[in-house]
Amino acid sequence: MPGGGRRLEQGKTWTMNQPAGTTNGQIWARTGCNFDSAGRGECKTGDCGRVLECHASSQHPATLVEYTLNQNINLDFYDISLVVVEGFNMPMEFSPTSSGCRGITCTADINGQCPNELRTPGRGSCQTGDCGGLLQCQAFGQPPNTLAEYALSQFNNLDFFDISLVDGFNVPMDFSPTSGGCTRGIKCTADINGQCPNELRAPGGCNNPCTVFKTDQYCCNSGSCGPTLLSRFFKERCPDAYSYPKDDQTSTFTCPGGTNYRVVFCPPDIPSGMTDQLLLV
């Protein structure tokens, strides 16, 4: 779309002047959008890389207008497309306003009558730990998020597991073996969100300083770094968890290969008062 995109309130219009010879033009609507003042955010349908001003094609489903201007024998070609991967997200009309040409519409209740096998599952967004607006993640979560990490049947047939706060903290967690004679579980159940330093606070969570400041001091980009005042905030409250990238000595745990594990979010022994807070975020 020329101009990239903008918010349109109900009943408002946006006039775009296209040069003769334009090819492969596209216009689509996005729905369920939320953007910050810098134009970063996302939409539930029609998203284009999590930016307000699009520089890429839409993410399906999205009702799509296509046009090519002043082509063979000086004709414009235009259509509304629901094919390939686009699908449908909202009704649309595409009509000429001069020359007496015929307009086209797609205004049926396609969303309401959509066959079950074509319905878009799991599109939305999460305040913390979001993974591209999907219910079933295909990528890592967006900080802040408490993270359980594991590598199974590695050196000497050992499993390695940890809880990491290198991506920050969003909910209390317990990560424990349930078999193999391994009894040493780990947890992070402190009220980190409630006590989070102001410079690390985020909606629904507490950022790690690497996420906020992005410096070698906190991110260990050079491969050599140590604990900081801010990383100690996490370590003092969750001594078993990674508080910065090189926090291996006190934060990596092992069990024999083949052990089963259980990850519990918001375990029952979290401090009094945290449950209400977690239900609200």
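Every residue gets a Cβ built from N, Cα and C, even glycine.
Any TrEMBL annotation is an automated prediction that lacks curation.
Of the cysteines listed (C210, C225), TrEMBL assigns C210 as the disulfide partner of C219. Each residue in the compositional bias 'Polar residues' (12-21) gets a DSSP state, and the totals come to 0 helix, 0 strand, 10 coil. Note: the Cα of C131 (disulfide bond) and the Cα of C210 (disulfide bond) are spaced 19 Å from each other. In terms of local Cβ density within 10 Å, C238 ranks first among the disulfide-bonded residues C137, C238.
Comparing C220 (disulfide bond) with C196 (disulfide bond), their Cα atoms are 22 Å apart once rounded. Sequence-distant neighbours of C206 (disulfide bond) (same chain, 6+ residues apart, CB-CB distance under 8 A): P144, G168, F169, N170, I192, N193, C196, P197, L200.
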